Amino acid sequence: AALVLLSGSAAAVVAWKWLSKRRIQKKMEEARRTRDEGLKKMAKAVQQFREQVPSVQTDVILSLPLLELSEKLQEGSLSPKTVLYTYLEKALEVTQQTNCLRHFIPECEEQLQEIQRQREKGLLYGIPVSIKDHIGHKGHLATCGLVQCLGTPMQEDSVLVKVLKRQGAIPFAMTNVPQSLFSYDCSNPIFGQTLNPLNHQKSPGGSSGGEGALIAGGGSILGIGSDIGGSIRLPSSFCGLCGLKPTADRLSVWCTHLLDTDVCSCPTPVPCALGPMARDVDSLALCMKALLCQEMFRLDPTVPPIPFNEEVYSSSAPLRVGYYDTDGYFPLPPCMRRAVQETREALQAAGHQMVPFSPPRIHYVMKLFLKTFFADGGRAWLDVFTGNIVDPSLKSQVNSCKIPRLGKKLLALILKPLQFLLLLLKLKNVAMISTCRSVKEMWNHHHEIQAYRTEFITRWMELQLDVVLCPVLGPAFNTGYPGKLLNAVSSTMLYNVLNFPAGVVPVSTVTEADEEELKLYRGCCNDPWDRTLKQAVTGAVGLPVAVQCVALPWQEELCLRFMKEVETLSRQR
């Protein structure tokens, strides 16, 4: 009887698991079907417009920089309707090639009517804007690539979307993201892998990878991403765009599904920041100028009421620039160091004062960063994977979090003599060393981050720096590789821990000589991680190479001004 009861219980468990998995699969299928139906509606709307206005000069409109496009919309020589449908058509083409769109926003047609009723034209009047998946838009899901987020649409627009609309912008599409947002690839089990439009064998980066792919492919002229470890800057680097991570809270994050920070079991000392992505620096500046308005300060009183300082952005005074081409933690490919060196030389020739700078203790900062998000050993993060549905790009991180603490200690002991020690230590960084085992330890962790910020700022001030020039991870990785190299984000992660504004500017492309030099790359000691990086970036000839520009907190205008200088000099070479 006991055996029969046991067998029956086992059968019931198996049946329950099967039914649960089937329900999850149905949810995912329904989400994909809704996405596809939305894209069909989008294509139908474009076709109807084409029939009504067959003589649109599509290529001319798509080639206009944002400032020129804005000028033509403001003066009335281009209509918002023509521009919107031109970009809708191009976005459909780009997503067919790259799978970058998560959802079409049909309410864009209502917003088109609304801006024509507004008494004054906003700074972004008639500009089509794409937004990252988790930035709240009323009536639409913020999925974060997770099954558990497929249920309830957002009840209202996020503050940022409200301000975009008040300034006359037209949000028209939501873009794809990696599962849980905690990745710099762009793949999830619901909507699949997004590809880099410049090379379909490459990743667009993440977690704002859908934005990167759509803008780089020409399907959007301005996008809004988010960044907590490099999620604006890495897609910008991989896709050849300009992207700005502001100081957290310079722009509102209200009504944005911040799963980036939800994975931490305590109030996070490394906050998420929303910021713009575009083809040039002037576009970023216009976006920031539009967003930093009284409407944002009214809707979100937690945002400091600091309007955009045009005088700082427009200044031509020489800068005192700190620089480094390696952080001493994760050696980047030769082309990324070349980009910093060439940019340094160009800045010096242009009259700027260049000062060698070395960021302190990056190994220690990486530990602080990971401890922020895995303070509970990764348990809160593991909970978001409903039904154990995990994207292949995240499986190594998820599996390392699942290993019990005792198991990790035993593995470290057994494998210590072997060459895989470094690899294991990286896993331990993610899932064991990062645990806060008491409230006191958690508060100590917060204090350690604050103490590091003080140390870094003190060094900056002693050298009397205005800004810093440094490398960013790149060029674009082959698909599937970002998940194997979590620790490679040290170049961007540093400025999330510090909460400094940081932007990325493309300055060059990978050459045949770079590819040859890569063959000699050994990294720190030619360990498995170094060899994996080498494999990740091979085959990148012709792809963008970028640098990173950094300023002190709340100095976004100075950061953008420096980015503009770097962009101008790179175009002169």
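Here the Cβ of each residue, glycine as well, is placed from N, Cα and C on the backbone.
The active site, charge relay system annotation in TrEMBL covers Lys132, Ser207. The active site, acyl-ester intermediate annotation in TrEMBL covers Ser231. Per TrEMBL, the feature substrate binding site maps to Leu181, Ser207, Ile228, Gly229, Gly230, Ser231. The coiled coil annotation in TrEMBL covers 21-48. For 83-560, the entry in TrEMBL reads domain 'Amidase'. The signal peptide annotation in TrEMBL covers 1-15.
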Distant-in-sequence neighbours of the coiled coil (21-48), which means Cβ under 8 A and at least six residues beyond its ends: 85, 88-89, 91-92, 95, 101-104, 106, 109, 141, 143, 147, 150, 189-191, 386-387, 389
From active-site residues Lys132, Ser207, Ser231, the one whose Cα lies nearest Leu181 (substrate binding site): Ser207
Maximum Cα-Cα separation (Å), residues Leu181, Ser207, Ile228, Gly229, Gly230, Ser231 listed as binding substrate: 11
Integer mean pLDDT for the domain 'Amidase' (83-560): 91
Among Lys132, Gly230, Ser231, which are recorded as recorded positions, the nearest neighbour of Ser207 (active site, charge relay system) by Cα: Ser231
C-alpha spacing of Lys132 (active site, charge relay system) relative to Gly230 (substrate binding site), in angstrom: 14
Distance from Lys132 (active site, charge relay system) back to Ile228 (substrate binding site), taken between C-alpha atoms, in Å: 14
